[in-house]
């Protein structure tokens, strides 16, 4: 497996900032900024390919190598860009730490309640699911199928996906964070996923007070970023085989579970099915 592509995404973020800079003293023309933004998109694609568990890489190493001469000659480059990609600022990319400065937007039935994760995230290519861990004698592994989520405006959500994380009582990650692929279908009040999440720790090794979080995210074209709409969580005593339906809470995600506000009084929930595997 490849190491996490920190350098690729960090460089992408740096280039995106340069491409989005509005300063008059920028040494780049608008066309050059567009090219830089396209290179940044390619780097994001490469970063996503490295993190993907699928075998076919969408953006290969040899593709990446074609970008080097363009970057080196950026001030004089005037050929057609070799890849058909959109330049970012198509989606707003935020550097770590910038997220907290965004104001939470108040949608009807969504209010900023409690401190937790920021409302907006760097645009990531969803679909970073991990395979099941090897079994160990006497240990239990958990598979959670995310079936569907009920939302009053489900049909209007753009590119919806769910980020799954396992946090301890202080909101610290206990396992790698996983994103589902974009939802398989939408209808009036449901977004359907039908996707299995393999929890990356044996159930017996999860610390007391831990919880599994599900953050529903969707793309907001007007604001050009991916936003958390609501979240849900499951605590350790809820881990049991079969179907479970859990409540949805208003953003921002409160990983410490201190200030929880239900998203709606309507009977809309996250529908899950749990399977426990024990040797």
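Keep in mind that glycine also has a Cβ here, set from the backbone N, Cα and C atoms.
Automatic, uncurated: that is what TrEMBL annotation is.
Per TrEMBL, the feature compositional bias 'Polar residues' maps to 18-27.
TrEMBL lists 101-111 with the feature compositional bias 'Acidic residues'.
When pLDDT is averaged over the domain 'C2 Aida-type' (130-277), the result is 92. Annotation comment: TrEMBL describes 130-277 as domain 'C2 Aida-type'.
Here TrEMBL flags 1-31 (among others) as region 'Disordered'.
Residues or ranges marked as region 'Disordered' in TrEMBL: 101-127 (among others).
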According to DSSP, how is the domain 'C2 Aida-type' (130-277) divided among helix, strand and coil residues? 9 helix, 71 strand, 68 coil
